[in-house]
Structure formats: C-alpha cells, structure tokens
Amino acid sequence: MTVTSPWRHAASVAVGTLILFSVGSAYVISAWNNEMKDMLGMTQVEITAVGSCFTFGQFNLIWVGIFYDHFGARYSFLVSATFLATFYWTAAWLTTAPLAPHWMMAATFACIGFSHAFPTLSAIAATEGLYGDAHRGKIMGILAGSYSGGGAAFAYIYHAWFDPHVGDFFTFMGWELSVLCLLGAVFIQSSSHLDKPQSPTVDEETPLELKGKLEHNITLWPLLQTAQFWHLFVVVLVGVGSPLFVMNNLSFLVESNGGDAAHVPTLVQLFSLFNLVGRFAMGAISDAWLPTVPRTHFLTASVVLVGLVQLSFV
C-alpha cells in the first residue's frame, strides 16, 4: 500500500519538528556548563572554549549542506545518528576523567556541534518546501519554533532529573537524538523526491521576469562571489551570533551580577519560550505580508531589535 503524498508530507513535518525540538537541547548549555567547570576544575577560559567550539560546530553548516545535496536526507540522518551517539557518549566519558586534557572536551563539543548541524539542516531542507511558497514561512516557523521550545523543555529535563550529573545527561542525549535521527531516516523524504517536476524546463506560464532567476541554479563558488550572500552572512552572524553568545554564557552573567545560579534553568526556559513564539509568529506574519513586504524587511527589523536588546546589557 502506497502512502499518499499528503500523509507523507505531514509525517515528514511532524518527525522533522520532533528532531528540531530535540536538537534545541543545545540551548541548555548554560544549565550545565557551570557544573562541568567545577567538576573538572576548568578555568573560565577553558569552559568558554567548550561553549564556543559547540557553537562553531553547530553553524559550520556548509559541509553538511554539500553532503545533503550529494546524498540526500536519508543518509544525512544516518550520519547524524552515528555522530551524535559517538560524540555525546565521548563527552559523558570525559566527565568521569578529570585528568584528561581539557582541550579534549572542547574538541568533543566542536564535534557534537557539527553533529547537531546534520539533523538541523537536513530536517529543514527536506520539509520547508513541502507545502509550497505560500506556507513556507509557517513551516519554517514551526521548525524553528520547535527548536526553541526544545531548549525550554530540556532545561527542565536537566534540572529535574540530571542536575548535577552532567555525564548522565550526555548519555541520555546520545540515545535520544540518535533514535530520532533514525526515525528521520525512515519517515522524512524531501519534496524533491516526492514531487518530481513534469519537465526540466521552466513552466510556460512563469512570468518572463522570473524565468532567468528560476533557470539559474547557482553553485558554491559563484554564490560566494555575490554581494547578496555576504549581506545575508553578516546579518546572520550578528543577528544569531550575538544572542547565542549571551545564551551560552548566561550562567556566568547571572553569577557575575550576584544572582542565584538556581535561576539559570528558568531563564533558559524563558529565553527559549519567547524565542519559540517569535519564530513562529514571524513565519506566519511574513507569509501573510509576502505579496507586499519582502522577507528581507522582516530580517532587517529583527536584527535591529536584537541590537536594541543587546544594549540593555550595558
């Protein structure tokens, strides 16, 4: 019995949302990095290096994108399952080895971050276009919002069941994420595999002014030579990087201001929940205003808002 396309689409989005929800556990770093620092006798520089390597790995997406384009969603999720289990369990072992060089933990978290990048990009790339351009923003809002919601949920999970047993939390994450990625390999299939185009040419009804853009499939090196790419690169670097810097060092910000470290999980949950609402709302709003307001306007406004919020720390 063949699964109909609508059901396949729904299953892909549902599993992709669940995977993004779990990958959002990356936000929980502020809930456990202080415990790791004390447990292993790390300096502030060393524990900061762990967070920085984790973030660097997560956003080193270009290689994941190349792999996805060549091998597709299924193999990307299989690689995700293997990498996430291997490196999370390595990190769990390192928490029991205080004599191990501290740079090994930072290197392991660079690999964990890179492993996070596989399911993140694969789930988004495979599902964001399943329902067409008219609903692309809402699908992206669901996926990105679930990532943020996962941060809130896993902050609670860590605080309720694992605090201060960081190694046990890493073992749990290795199992949980690898199982979900295996589900992704089974259930998620990208739109390019579900709906093959009728013809390799652009449809005759496509407006003439769009045909040149649709026919031009730009490759990596020419893309890097376009101004549009670097404009978007800088915007994402600032708009995403600066909030993540605050998030990764939240526990130390609280500590330096004389706050109670017990409040850190709650702050992580608040950050994640408001991030969830903002992401989904922006997806729906940008869809509704797409005919009159380009998505780039919303992107610019969000970066300006991030800048204003950052000034509140001064």
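Glycine is treated like the rest: Cβ placed from N, Cα and C.
The transmembrane segment annotation in TrEMBL covers 49-68, 75-96, 102-127, 139-157, 169-188, 229-247, 267-285, 297-313.
The transmembrane segment (49-68) shares more Cβ pairs under 8 Å with 102-127 than with any other stretch in the list 75-96, 102-127, 229-247, 297-313.
Sequence-remote contacts of a segment are chain residues at least 6 beyond its ends whose Cβ falls under 8 Å from one of its Cβ atoms, and for the transmembrane segment (102-127) they are 12-13, 15-17, 19-20, 23, 26, 36, 40, 42, 46, 49-61, 64-65, 67-68, 73, 76-77, 79-80, 83-84, 87-88, 90-91, 94, 139-140, 143, 147, 177, 180-181, 184, 188-191. Between the transmembrane segment (75-96) and the stretches 139-157, 169-188, 229-247, 267-285, 297-313, Cβ pairs under 8 Å are most numerous for 169-188.
Remote same-chain residues near the transmembrane segment (297-313) are listed as 235, 238-239, 242-243, 246, 282, 285-286, 289 (criterion: CB distance under 8 Å, separation of at least six residues from the stretch ends). Residues 13, 16-18, 20-28, 31, 120, 123-124, 127-131, 265, 268-273, 275-277, 279-284 of the same chain lie 6 or more positions beyond the ends of the transmembrane segment (139-157) yet place their CB under 8 Å from a CB of it.
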